[in-house]
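Here is what TrEMBL says about this protein:
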- Cys26: active site (ACT_SITE)
- His127: active site (ACT_SITE)
- Asp142: active site (ACT_SITE)
- 13-190: domain 'Josephin' (DOMAIN)
Amino acid sequence: MDGMSGNSAPNGASGIYHERQRLELCAVHALNNVLQERIFTQEAADEICKRLAPDARWNPHRSFLGTGNYDVNVIMAALQSVGLEAVWWDKRRPLEQLSVAGVLGFIINVPSNVCLGFLSLPVRRRHWIAVRQLDGIYYNLDSKLKAPVPIGSEADLRVFLQEVLSEGPCELLLVVPHEMGEARDWLSTVR
């Protein structure tokens, strides 16, 4: 892990790209981690926010402090700019209907507590997590982790996703090529 600075780097010998949490930039980190390279920056995300709400005094797509906390619209626009699409997974569907063939990766939104030192405040923020398969193994690329954590096989991925989705108000986005999103190839017809 000596190649990992406070922000980003490939993860040592494994060569897995993993950005670490900085400010409230988890959406930027999740994008780069799922794409496995540093494509997006805070400045690029801020530009997307300006395009999404050009006349807003306080931009609704990010923290008013300017530290990040970007919403799903920024993630969707960023992915579209590189020929990909974020497809929202309807949690009412069983995960058995998810066809992972052709899915580049997953971006998951989970609630996250706000802490001041050891004190946890009764405030919830969004936190974005990337999951991607690399060399046949799915990895949790959460920017709050010190290093990527192996999830395992496709069966292990389904267990992981089910656990995350059952923990509360979470959202699952499938990162797919644009044409796959339109064709709904990510949805299996087998029950």
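Positions of Cβ are set from backbone N, Cα and C atoms, glycine also.
A TrEMBL annotation is a machine prediction, not a hand-curated record.
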C-beta crowding around Cys26 (active site), within 10 angstroms: 28
Euclidean distance between Cα atoms of Cys26 (active site) and Asp142 (active site), Å: 8
Nearest-integer angstrom distance between the alpha carbons (Cα) of Cys26 (active site) and His127 (active site): 6
Number of Cβ atoms other than its own within 10 Å, given for Asp142 (active site): 22
Number of Cβ atoms other than its own within 10 Å, given for His127 (active site): 21
